[in-house]
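Asks: A single structure is presented below for examination.
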């Protein structure tokens with residue numbers, strides 16, 4: 001209905017233009033008015049936006065204007081022989097910011113996550129995906145073309161998304177982004193072992209003597225490496241995560257350890273915490289020993305917020321037996337011992 005009414009108004013305007021008691025005239029100063037054009041040294045009326053000149057003026061008759069048809073337009077006063085065609089429909093990675101009508105061309109701009117590589121007189125002609133900043137990086141700005149600039153998150157900030165829009169966020173309080181587990185066992189005679197397998201919910205280290213299994217639930221930091229080293233019948237092993245994911249404080253990261261002797265006994269007992277420096281970080285642990293092959297066991301679990309000035313930590317430890325020192329550390333030069341890892345593991349300071 002609106003388009004019909006608009007066409008009718010344009011039609012009337014054309015009648016008014018052509019019906020005015022104005023005939024082409026010779027300008028006294030050689031110049032025509034803004035809404036006129038010059039033809040054969042005569043000033044003639046231009047057609048208004050939304051119309052075109054179906055017939056140009058002559059010495060006795062002014063310009064005849066006709067409304068633009070569907071899919072065509074003129075956006076200014078003109079004496080064009082036909083209306084201009086509107087741009088085609090926007091691509092899938094674009095949004096239409098202005099539709100085609102008889103007075104305006106269609107305008108397409110890039111959708112969120114894209115930027116323009118080919119601009120036209122009416123919007124963007126071609127868009128491509130913006131760079132996505134990886135975990136640990138955030139959007140810090142944009143190039144002159146509109147692509148994303150990624151910068152590492154600084155101290156006190158973090159990013160756990162792959163995104164072309166997210167900036168680095170302030171580090172959340174009372175949580176952690178790193179878990180380091182150290183397990184000391186005595187006596188251990190067999191230095192042979194196999195690479196740890198990852199199933200998504202558990203990690204395990206197996207030798208001919210024993211099997212260490214850690215089941216984890218609702219833990220956002222991702223366990224990525226593990227190690228096993230034997231020196232003077234003391235095995236030092238453990239698991240640790242990357243530092244690019246923070247624990248969601250609405251969940252409790254739960255670690256359940258089972259240290260099982262493969263050939264000596266089947267009795268089971270659960271250890272109690274020997275040291276409890278845990279604060280309000282969201283975590284929970286259990287440790288179960290199965291069998292009689294070990295006389296001493298130490299377990300240290302460190303939950304850390306490594307991206308703060310004060311390096312916030314919670315430390316949990318378990319101890320059984322009287323041979324191992326509760327403050328013992330992993331050997332500082334583990335690469336000379338039997339080791340399962342892709343790189344030298346970290347250890348407590």
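Including glycine, each Cβ sits where the backbone N, Cα and C put it.
What Swiss-Prot records for this protein is below:
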type     : residues : note
DISULFID : 32-43    : disulfide bond
DISULFID : 44-57    : disulfide bond
DISULFID : 47-65    : disulfide bond
DISULFID : 68-83    : disulfide bond
DISULFID : 86-100   : disulfide bond
DISULFID : 90-108   : disulfide bond
CARBOHYD : 101      : N-linked glycosylation site
CARBOHYD : 189      : N-linked glycosylation site
CARBOHYD : 248      : N-linked glycosylation site
REPEAT   : 31-65    : repeat 'TNFR-Cys 1'
REPEAT   : 67-108   : repeat 'TNFR-Cys 2'
Asks: Which of the three DSSP states, helix, strand or coil, fits residue 57 (disulfide bond)?
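Replies: DSSP assigns residue 57 (disulfide bond) to coil.
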Asks: Would you identify which of the disulfide-bonded residues 44, 47, 57, 100 has the most other C-beta atoms lying within 10 angstroms of its C-beta?
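Replies: Per the Cβ count, the most surrounded site is 47.
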Asks: Taking each of the disulfide-bonded residues 43, 108 in turn and counting other Cβ atoms within 10 Å of its Cβ, which one has the fewest?
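Replies: Per-residue Cβ counts within 10 Å for the disulfide-bonded residues 43, 108 bottom out at 43.
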Asks: Return only the integer: C-alpha distance in Å from residue 65 (disulfide bond) to residue 57 (disulfide bond).
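Replies: Counting only the Cα atoms, the answer is 10 Å.
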Asks: I need the CA-to-CA distance for residue 32 (disulfide bond) versus residue 90 (disulfide bond), whole Å please.
Replies: 39
Asks: Pop the Cα-Cα gap between residue 57 (disulfide bond) and residue 43 (disulfide bond) into the table, whole Å please.
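Replies: Their Cα atoms are separated by 9 Å.
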Asks: For the repeat 'TNFR-Cys 2' (67-108), provide the mean pLDDT of the predicted model.
Replies: 96
Asks: Could you check the glycosylation sites 101, 189, 248 and say which one's CB has the most other CB atoms within 10 Å?
Replies: 101
